[in-house]
Amino acid sequence: MARHLITSALPYINGIKHLGNLVGSQLPADLFARYMRARGHEVLFLCATDEHGTPAELAAAKAGKDVADYCAEMHDVQAKIAEGFRLSFDHYGRSSSPQNHALTQHFAGRLAEMGLIREVTEKMVYSNADGRFLPDRYIEGTCPNCGFDSARGDQCDNCTKQLDPTDLINPYSTISGSTDLEERETKHLFLCQSQMRDTLQAWIDSKTDWPVLTTSIANKWLNDGDGLQDRGITRDLDWGVPVKKGGADWPGMEGKVFYVWFDAPIEYIACAQEWVDAGKGNDWERWWRTDKGADDVTYTQFMGKDNVPFHTLSFPATILGSEEPWKAVDYIKSFNYLNYDGGQFSTSRGRGVFMDQALEILPSDYWRWWLLSHAPESSDSEFTWENFQQSVNKDLADVLGNFVSRVTKFCRSKFGEEIPAGGALGETETALINELTTRLRAYEDHMADMEVRKSAQELRAIWVAGNEYLQTAAPWSTFKEDPEKAAAQIRLALNLIRFYAVVSAPFIPDASAQLMAAMHTDDTSWPEDVATALETLAPDHAFTVPDVTFRKISDDEREEWQEKFAGKRES
Ligand SMILES: [Zn+2]
């Protein structure tokens, strides 16, 4: 039994996320966590809301709420939606937790001791119209690197170059649109990432099994131009973790908070403390401290490609720079973007399907299946309603759902609602078992490698094999000449339903639970040996014909939804 620490990128607090966000981190992380648990491994799966920073302040102001209240409410909203999608977090924490406050202050103090923090009096952009310093993300302008005209003050979304607001050409406030900006002096703390460059390069170079998508982004940031730059870790804001040196005050930094990029990833660790403090676990250090048992932990992070620089460089700079025995990430699984019906998802224009809306129109398994089987791994992928309808109707309804329906109904009509006895398996059954064995081993390999689409393809092929067997064996014909043989065939097929429930559960947990209930079993043991697994339900074991496992999406529904989620078009 191995030990797996799994984290998903932390969703930001200021609103409900769309399906592209879901498939870019939380959902594949859940798939992996569920699979590892199903194989008997010990798993700690953590996620949390990322709650600090100006966007939270602004969203709260817009909602007319105190920012702490707003974050508490939105955390509960996001937690409920996560439950709706059956995201099996061991704990869904909050970056605003007292645990994260203390740990963030600890890391800052420790990094200062290690000589990796310097105080900088810098000029920051102050907006006269807004009456405040503007955080980087609230200044936009033209990128000096590529000429993109909506580059943010911290990073250009077009060329991914890390920027300072003062680099921008023709900058303006995104709060008020005002160009009446001036530079004012203010003191901030900087993390000396440049001093960590060789350490980080050696660490990245040691990750020979990481995908090129991940290492190329890290290497670009490490080496492009002047290389990795020192970065400010504090801000002139009210909402956030107060700047302290461990438990002590930090002279000159009164009234300032840590910048959200510094405290958010530390929440991965603090979340494990929250998990213990919530009474769900009893030892977080054996997951996070290599001197206290975390040496044998495999730590995997899931995230969208835009989050890779923070997880390959910034957070490791904190972890490695502390020279304390923290567990560092072993593998980063990153994703490209999911586009929506010929364009991008857009929160501001209401374009695309958001997580709460998705659950209002169909159960989570429909979405989980489509999203995972079309995960944007090697390149961006696109959601279209035609493809969604086709995939649900074919894979889920025609292949898996139909198999279950035919087998259980046929058995009920000819043998009653229990596993029939008698007969023996023949060559057709042996061929099926051989095919299932080959495919299951391939599925296991893909799942262990986090090859999400390949896993889905293999699982679909496993479902198809059952249907093809049913066509070939045709127990309804066999029954007329040789009822004993038909009994053996249908006994195998009924066992195959349990088999499907077990191996499909990481993808479609609700349907799997429904099938397990229909088969009157809670034996979720993984089919290490397929032939043995297909004898689990013995003769005379009762079952119930389940209600429709998956329904089809009609053309009318597809058109209605397509219209409903199109959003306001750009003129
Ligand atoms: Zn650019």
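Cβ from N, Cα, C; glycine included.
Any TrEMBL annotation is an automated prediction that lacks curation.
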Task: State the residue range annotated as motif ''HIGH' region' by TrEMBL; the candidates are 11-21, 297-307, 429-439.
output: 11-21
Task: If TrEMBL is the reference, give me the range from 194-198, 234-238, 344-348 marked as motif ''KMSKS' region'.
output: 344-348
Query: What number of additional C-beta atoms lies within 10 angstroms of the C-beta atom of C146 (Zn(2+) binding site)?
result: 12
Task: Please check each of the binding-site residues C146, C156, T347 and report the ones with a CB atom less than 6 Å from an atom of ligand 1, ordered along the sequence.
output: C146, C156
Field: Neighbour count (Cβ, 10 Å) for C156 (Zn(2+) binding site)
entry: 22
Statement: Cβ neighbour count (10 Å, all chains) around C143 (Zn(2+) binding site) is 22
Field: C143, C146, C156, C159 excluded, remaining Cβ within 8 Å of their centroid (Zn(2+))
entry: P144, N145, G147, F148, A151, D157, N158, T160, K161, L163
